[in-house]
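Asks: This structure is in structure tokens; I'll ask about it shortly.
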Amino acid sequence: MAQTSPNTHPGWFTRIAHPGMFMGWTRHVVLPLAIATALAFAAGLYVVFFASPPDYQMGDTVRMMYVHVPTAWLSQFCYAVMFSSAIGTLVWRHPMADVSQKAAAPLGAAFTALALFTGAMWGRPTWGTFWEWDGRMTSTLVLLFIYLGIIALWRAFDDQLKAARIVSVVTLVGAVNIPIIKFSVDWWQTLHQPASVFRTDGPTVDFSILTPLLVMTLAFSLLFLTLHLVRMRTEVTRRRIRSLELAQARAAGGAP
Amino acid sequence: MIDLGQHWEFIAATYAGSVLVIGALIGWTWSASRRARTRVARLEAARKARKA
């Protein structure tokens with residue numbers, strides 16, 4: 001009969017799920033990721049300001065798109081990460097799923113706020129207004145409120161495991177807003193243009209404008225990945241602090 | 001530096017605002033991580049001292 005050795009190399013799921021192992025392998029990943037992020041931003045900003053032409057219609061204001069589109073993409077991608085983590089928490093009770101959810105929420109809020117801000121800055125010279133209550137902009141504002149509500153919920157509970165279950169349910173319910181953001185430009189008459197990059201029939205943007213856009217999107221995505229990993233590591237450390245503080249209080253006879 | 005055209009102030013505001021928010025996000029993430037690492041190291045040392 002085959003026997004399992006206790007020294008068997010752990011699988012990828014264990015390496016992700018076990019907080020100690022997660023801290024071990026991510027220690028070697030954070031610095032290379034941070035360097036890759038810095039290099040991608042350096043390359044991206046060079047292409048944005050020195051190697052890309054003005055758009056034939058929008059002129060130089062197209063350079064705002066290189067920040068607006070990546071932040072808007074991350075505002076939704078971050079929610080997709082939280083959505084997957086919420087399923088991981090509720091269905092599999094994955095030990096790192098709620099850590100991932102908690103770490104992602106402030107990042108999602110920041111990128112959504114940036115998408116709204118850069119959109120407003122871009123909207124003034126191109127549409128003549130900073131803000132319009134149209135489908136895309138309003139649903140993105142709702143997304144920001146959802147992120148802020150989720151952050152507030154995390155802070156409202158001392159018991160983080162209980163908070164994780166409640167936040168997971170709210171995250172799953174709030175996910176209904178993501179397809180609304182995506183398809184709002186098709187469903188309603190809006191000032192916002194329809195999708196021009198992520199389309200089933202391929203991008204409609206010229207290559208000279210698509211290149212800086214993709215490089216900046218890569219840079220922002222790497223930034224998100226780096227910050228998310230570091231924040232997850234910090235959350236695991238905080239939980240370790242909590243258990244050490246409890247042990248310390250118990251040793252001092254101050255806690256049951 | 002290239003000429004950013006007649007709407008340069010909007011482009012400048014977009015990038016300045018982004019740098020500000022991303023800088024704050026990086027700073028906050030880094031300082032929280034450092035605080036947590038310092039605190040856990042202190043607690044681990046205290047635990048070792050208790051056990052010794």
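Using N, Cα and C of the backbone, Cβ positions are placed for all residues, glycine too.
All TrEMBL annotations are machine predictions without curation.
Annotation comment: TrEMBL describes A:23-192 as domain 'Cytochrome c assembly protein'. If you look up TrEMBL, you'll see A:29-52, A:72-92, A:104-123, A:135-154, A:166-189, A:209-230 marked as transmembrane segment.
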Asks: To what whole number does the mean pLDDT across the domain 'Cytochrome c assembly protein' (A:23-192) round?
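Replies: Summing pLDDT over the domain 'Cytochrome c assembly protein' (A:23-192) and dividing by its length gives 93.
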Asks: Hey, which of A:29-52, A:72-92, A:104-123, A:166-189, A:209-230 has the most Cβ-Cβ pairs under 8 Å against the transmembrane segment (A:135-154)?
Replies: A:166-189
Asks: What stretch in A:29-52, A:104-123, A:166-189, A:209-230 has the biggest tally of Cβ pairs under 8 Å against the transmembrane segment (A:72-92)?
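Replies: The stretch I would name here is A:166-189.
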Asks: Among A:104-123, A:166-189, A:209-230, point out the range having the most Cβ pairs under 8 angstroms from the transmembrane segment (A:29-52).
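Replies: So the stretch in question is A:209-230.
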